[in-house]
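Working notes, structure below.
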Amino acid sequence: MRGFSQFCWLGFTLARRDIEQRYRGTALGFAWPFANAALLLGVFSLVFSVILRVRWGGALGNSALMIFAGLVPFLFIAEVLTRSSLCVIAVPNFVKKVRFPLALLPIVLVASALVIAAINTLILCIAALATLHSLPWQALLLPLVFVPMVLFAVGLAMFLGSLGVFFRDLAQVMPLFAQVLMYLAPVCYPRTIVPARFGRYIDLNPLTWFVETIRALLFGGDIPPLWQWIAQTVVWLCFAGLGYSFFHRTRRMFADLL
């Protein structure tokens, strides 16, 4: 029990340091994630609701909120994709010179990204409340969406963190892959406009379930049945376990490659 508490404390300390280093020396400091989310939502509102007057489901003014709701899970997963392949390479001393639980590195990266995702979600909820004047009670279930999403992210980070040591080009490929993942999920468009023959491929994208569930909880819609929540959690828990097993089996070769 003591070892687990020390592991958690070390992870918390490293995640906090990662976030502090990101905004150290800036004028706004930790206020930047809030400012970025608010500015991004403001730009979407100006472009899609005011200039282009895009309607989402027949309602003018909701398009910016709908797109931002899709961006919340995408930005979280995209950060994990683009940074995790470097999480081991960036700290060679942890691999060679000190005894350190290397599996903590991908988890710290996910925790850091989760903080930003939580801020984006908070800004989204505030904007939705200000625009719609009320939120459905189902919005209270939003934290539950992050359970399978975090497990999915941990699995990704474990696999990519290890593979990044063996394939250095992975860090250059992942940003492009993240963009492809975004366009193959209903992040910036409604799922309903996708032709039936392509819909099955959109549904295979892990992002689709997260995006559609967040929108359903905040703006009304078909909330997934309980079995889907359980299935998502179990599947991504197994995926995270496989990722950890892969990382654990390959870490003995890290020192020779760094």
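Glycine is no exception: its Cβ is also placed from the backbone N, Cα and C atoms.
Taken from TrEMBL, the feature domain 'ABC transmembrane type-2' covers 28-250. Per TrEMBL, the feature transmembrane segment maps to 27-52, 64-91, 103-129, 141-167, 173-189, 226-247.
For the transmembrane segment (103-129), the neighbouring stretch richest in Cβ pairs under 8 Å, chosen from 141-167, 173-189, 226-247, is 141-167. Listed by sequence, the residues of this chain that lie at least six past the ends of the transmembrane segment (173-189) yet keep a Cβ under 8 A from its Cβ atoms are 67, 70-71, 74, 77-78, 81-82, 84-85, 160, 201-202, 205, 207-208, 211-212.
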